[in-house]
């Protein structure tokens, strides 16, 4: 007997499952009876934000998802884009925020495991990873523990699995004190004629369980990921999954071998809501029913209930619909890799989701209403209140610009991330061309191919809070610029939208306007969103995180030998600014970090100018005019120049244009701007090309000496810059 299904369904139990009273009434109307305890858990898992996107789906539909290179957009395990020669890139970014705060090592590790499965489920071998991490104030007592655990968890899983980490972000702000963000990105390469989908087809076909055994870890994980935190965090620790990267590696190899056999009809990884979600999604997408027998599920713990088996989020598991004539050969492959292969059910034609356990039917529900017809809300929202423009003349000028620059370089958010990325294997697989620490990571498509892929992920949360619309646009354009600085053509993006409680109209307004900004930018730049993730309820005791819509993008280089980096400049190169001189100090780190001014609107994003300047930069890189390129973002011109000096270990001498106040020209964060180190013989050709294309270009100076010398108002040696840039993170992590 399933004793768990004898549990009385009370209002308290319904609330514990995160279901509103109107949602429960909808369930009663839908099935015409009271649900069993297991069914209640299934509805709770499938109708929460993490699985259903019920608060955001209306707005996600406005994103541009089509493009000339797009093979598969949102709705599958990951997005797919064509890169030519019969190959495609499969990629996605996904959050594991709540679990990583509760149990940082396992939360981050299993976040990596989940996104890796999303990619190789579709037939792609993972080739690159990134992560975007947001932590609380460095002064908060938990921050150092969380940083250490998350970084170790990501490295422990991705290094053992064998995928290089090529880029990412790490930022600190007190608004993440109670809710850190762990956004993980993975890209893989597949054959365009061998992509595997999750849509079940055919009646009476075997449904097969693949991979590791099912335990009690992660039960209720999807529900936990859709709730606010309070002071009872430790009680949620059992909802965090435990991962094993070595089993995942075996699962990858077994799945790819099985795919070569052409035995798979549909395949889905078991992620949020585990077996429930994978079975329901496969059936609902294919307009088929699914029948499961839980007695056939491999379990690693005794006396597991139907509720626990259905909602476990144990890692390294897949569900597949198999061609029956190939089941013996398929089973042999998984046996060879030491993994479980168990036929646990079949597809049906009745659009019902039926589950039996110990001879008893414990679930009998309509599958479409559970899956792709789950409730969708049009939540009330209010338009964000915008800050007035802050003129540079209104911002105090600090006389010692050298001290300002050194303070920024030695700050939590502008210092080197070497301490982080040196814990990741950045070179495994042998195709990494540009490692973390620059604008974008770059890998070769393969060791005998001239093509390369570039990756970047970006967002500026302080911009998004001041103006979610402009902040959403800026997240896209910075990612697009970073890819462009390598010479790669940006092809497509994935989003990871991290926000607070959508039931708060102010928070919902942030989400709505950020999506509007992202949509407009992606449309103008031909940079479609092909996959993504929404993480809501990132609040603790009513304190919401900064709105953080992370954008990760992929670009393509036809010839990797033409790749340029932030640190490639040579002596006697000309330093050239593409775009306007700095003037905008609103929401700049100069205003916030140096003057403690949280005022002004963020910089306006001119999308046509972004497109024009990005195309020009890629063109001059392809023509071989440029030794180094860097986009200008946080910290403006001064910080960008300092980073180039540090990476190249070469000095720069420049003069300011004096078109703006000096502090604005140095630290203004105007957009659509790049610094290029131009080869001496190519300078005139580049200037002529800029004139023909009506590109704003300013000659600033040259690569020379052993210091960063700006108009004699700032003169800092390479050693001094490097020491300040590299010292903050190790000192922070080694504090006793």
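The backbone N, Cα and C atoms fix where each Cβ goes, and this holds for glycine too.
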Figure out which of 117, 125, 352 sits with 95, 96, 97, 98, 241, 313, 314, 315, 535 in the substrate site per Swiss-Prot.
117
Among 18, 136, 532, 542 - the residue Swiss-Prot places in the same ATP site as 53, 92, 495:
532
Counting Cβ neighbours within 10 Å across all chains shown, tell me which of the binding-site residues 92, 94, 118, 313 comes out on top.
313
Checking the spread of the substrate site as listed (95, 96, 97, 98, 117, 241, 313, 314, 315, 535): what is the longest Cα-Cα distance, in whole Å?
20
Take the C-alpha atoms of residue 94 (Mg(2+) 1 binding site) and residue 532 (ATP binding site) and report the distance between them in angstrom, rounded.
7
Sequence gap of 6 or more, Cβ distance under 8 Å: name the residues on the same chain that satisfy this around residue 96 (active site, proton acceptor), in order along the sequence.
107, 108, 110, 111, 114, 182, 184
Enumerate the residues of the same chain, 53, 92, 495, 532 excluded, that satisfy the criterion Cβ within 8 A of the mean position of the Cβ atoms of the recorded ATP site; list them in sequence order.
60, 74, 93, 94, 494, 496, 497, 529, 531, 533, 534
Which recorded positions from the set 50, 269, 313, 315 come within 10 angstroms of residue 92 (ATP binding site), judged by C-alpha positions?
none
Provide, as an integer number of angstrom, the distance between the C-alpha atoms of residue 117 (substrate binding site) and residue 269 (Mg(2+) 2 binding site).
6
